[in-house]
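Shown next, in structure tokens, is the structure this report addresses.
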Amino acid sequence: MASHIVGYPRMGPKRELKFALESFWDGKSTAEDLQKVSADLRSSIWKQMSAAGTKFIPSNTFAHYDQVLDTTAMLGAVPPRYGYTGGEIGLDVYFSMARGNASVPAMEMTKWFDTNYHYIVPELGPEVNFSYASHKAVNEYKEAKALGVDTVPVLVGPVSYLLLSKAAKGVDKSFELLSLLPKILPIYKEVITELKAAGATWIQLDEPVLVMDLEGQKLQAFTGAYAELESTLSGLNVLVETYFADIPAEAYKTLTSLKGVTAFGFDLVRGTKTLDLVKAGFPEGKYLFAGVVDGRNIWANDFAASLSTLQALEGIVGKDKLVVSTSCSLLHTAVDLINETKLDDEIKSWLAFAAQKVVEVNALAKALAGQKDEALFSANAAALASRRSSPRVTNEGVQKAAAALKGSDHRRATNVSARLDAQQKKLNLPILPTTTIGSFPQTVELRRVRREYKAKKVSEEDYVKAIKEEIKKVVDLQEELDIDVLVHGEPERNDMVEYFGEQLSGFAFTANGWVQSYGSRCVKPPVIYGDVSRPKAMTVFWSAMAQSMTSRPMKGMLTGPVTILNWSFVRNDQPRHETCYQIALAIKDEVEDLEKGGIGVIQIDEAALREGLPLRKSEHAFYLDWAVHSFRITNCGVQDSTQIHTHMCYSHFNDIIHSIIDMDADVITIENSRSDEKLLSVFREGVKYGAGIGPGVYDIHSPRIPSSEEIADRVNKMLAVLEQNILWVNPDCGLKTRKYTEVKPALKNMVDAAKLIRSQLASAK
């Protein structure tokens, strides 16, 4: 019985790749140094999978930034602004596309389906001159082979690649991305031919868009593309891998009829209905790669349940055609539980990170083949039983409070325009008020103080003194820049979710449970293992201290319940919305305590609201209903004169704008600087928005400092579709990852731009 892993985390168990990348970007190390760290990581991953008994080990799932960007490089689809002139694409062009450089901005970055991973969106048009410009897939296959490991090279499939792309600026609206298939397929053929020549016997093509709602023409593109590739694929075993959801019946029919394809991979964790399709009919003689081990969470697999699913499938496809797999790439989970030396033993027994999931996949494959590891299986059953019965998981008071929410929709008593009038009387802000999103740069010194305080090497008194000084520095800087609504800079916070989770019951924390978000940026999601409540106030002390340093309004900064949920590893023993309502009640207590503590502007970030949106339209309404309701619960108890802000990230808002309005926030700030036009088009098309809105005026993800003219131009474009009395001027996200040398001039230019336009508007009256 064979085993397979869809993909594996790249960062390394101690984030080795992150530090190597950042050292290279800062000019402190060479390309050779970076390549050595990368090669060592790849080698250890392949050897680890091989040692565990994995038959189908992936290669080319490693990336220095992103696998879609790797595909863009493979196809030579470099936008003209990066000055690429042909030949093998080097790190300079590659990283310029990902991060921008001193003279040109980065390509757009967006969520990878409904995960917290981001990919770099290809910019395509009829003029793109495709060429085979990165031999990475072949090189990595050969690299593994030289180490004695035969791998399955993984490529982003051609149809998914095009459907995940966008039309470049200036391309005619009638342009169809799929019209480029005849141009990219010859390059796929070259790559596949080279892989065959290098000795590959299997190839994996990831076509995750098959789980989306695709109309007939898009499904036909799959049929046509694979018919075109058939002769090149001949002689290879070809796995088409899907993940993240059920595959719709029509797409299943299309997929299982593709020419040249010998194996199909399905997510059977999130895709429970796919099982019914397989049971109703699976093509004879083909392989089924059964994704029964969850690639997106950290809970130990239920061996008994998985084994029973696999045995049922074995009866349909046959023993020699069933392969045990992960539900998706393990990129979306933490790397290795072995590094968690401080985690509570009971909770630890309930978990499995990527390295443990490799063991789980192989244990299930062996059990199916009649070589069951009895000790491992009984330990698994004991851990599951302990989790089900542990008193740490259930809190009756929380269960009752959450149950009492049913039947009410928790809205503020007054409508938004009346509230904004009450708030303006109190805050007295100019038109186009300026603010920032919350965090300010975190210096090495600041991180050291936090780390030492956590390790009890610094007294509480010294810690408070250091944080107070940092807050004072941030407040003084904002006053000097003449920003209207201030923030305290969040120097006490390591992460916008972890900080709250550490103070809520029902959460556990890892030391090294890092997951890649984009590029070198990793997040360490908390683990929600039980009912959630707030034992005491979490942010009031610091926010009140910051407000005492200035006469200007100071924003209290909270992370919203939906974002805490979507950026955590969430318990899988109750529906997600029930956990979300519990978090909402805890945040509601905090909002009301901030108001009592004299904070008149409170921001409740829902950066991740959209990313939790199910992939299929039929499931959107239910999700949006409970997500928006959770947000309203947090602030339904405050006075009209308290201004509630929210912030959202990387969102394609067009499809959820009515839900955003229904959140009923007083002001919404949006991270949109890489997707300007998309956002403004929503308002251009006549959506009436009565609350305050601050579309980000510059991109904080790039080191580039925008000029005041550029920012003013952006604000003017916004004023063409938004009323001047509702527009706010702000960066598109928090400034934590930037340096002060970048932040000061950028914010100065932002304030100058706002003042310039204010004076233009005043003189135009």
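Cβ coordinates come from backbone N, Cα and C, glycine included.
For His701, the entry in Swiss-Prot reads active site, proton donor. DSSP assigns His701 (active site, proton donor) to coil, not to a helix or a strand.
Residues within less than 8 Å, Cβ to Cβ, of Trp567 (5-methyltetrahydropteroyltri-L-glutamate binding site) and separated from it by at least 6 positions along the same chain comprise Asn116, Met496, Val497, Val523, Pro525, Ala608. Reduced to three states, the DSSP call for Trp567 (5-methyltetrahydropteroyltri-L-glutamate binding site) is coil. Feature annotation from Swiss-Prot assigns 5-methyltetrahydropteroyltri-L-glutamate binding site to Lys18, Asn116, Arg521, Cys522, Trp567; the stated evidence is experimental evidence.
Summarising the annotation, Swiss-Prot assigns L-homocysteine binding site to Ile437, Gly438, Ser439, Asp605. Its Cβ taken as reference, Gly438 (L-homocysteine binding site) is surrounded by 24 other Cβ atoms within 10 Å in the chains shown. DSSP assigns Gly438 (L-homocysteine binding site) to coil in the three-state reduction, placing it in neither a helix nor a strand.
Sequence annotations record features per position, and here Swiss-Prot assigns L-methionine binding site to Ile437, Gly438, Ser439, Glu490, Asp605.
Residues or ranges marked as Zn(2+) 1 binding site by Swiss-Prot: His647, Cys649, Glu671, Cys733. Neighbour count (other Cβ atoms within 10 Å of the Cβ, all protein chains): 24 for Glu671 (Zn(2+) 1 binding site).
According to its DSSP assignment, His658 (Zn(2+) 2 binding site) is helical. In the structure as shown, the Cβ atom of His658 (Zn(2+) 2 binding site) sits within 10 Å of 10 other Cβ atoms. Per Swiss-Prot, Zn(2+) 2 binding site is recorded for His658, Asp662, and the stated evidence type is experimental evidence.
Cα spacing between Gly438 (L-homocysteine binding site) and Glu490 (L-methionine binding site): 7 Å, rounded to the nearest whole number. Within 8 A of the CB centroid of the L-methionine site residues Ile437, Gly438, Ser439, Glu490, Asp605, the other residues of that chain are Thr436, Val487, Met496, Met557, Gln603, His647, Gly734, Lys736.
Comparing Cβ neighbour counts within 10 Å across the binding-site residues Ile437, Cys522, Cys649, Cys733, the minimum falls on Cys522. Cβ neighbour density within 10 Å is lowest for Asn116 among the binding-site residues Asn116, Ser439. Taken residue by residue with DSSP, Cys733 (Zn(2+) 1 binding site) is part of neither helix nor strand, so it is coil.
Proximity note: of the listed binding-site residues (Lys18, Arg521, Asp605, Cys649, Asp662, Cys733), none has a CA within 10 Å of the CA of Glu490 (L-methionine binding site).
Cα of Lys18 (5-methyltetrahydropteroyltri-L-glutamate binding site) to Cα of Asp662 (Zn(2+) 2 binding site): a distance of 39 Å. Cα proximity to His701 (active site, proton donor) (within 10 Å) is found for the following binding-site residues from Ile437, Cys522, Asp605, Cys649, Cys733: Cys733.
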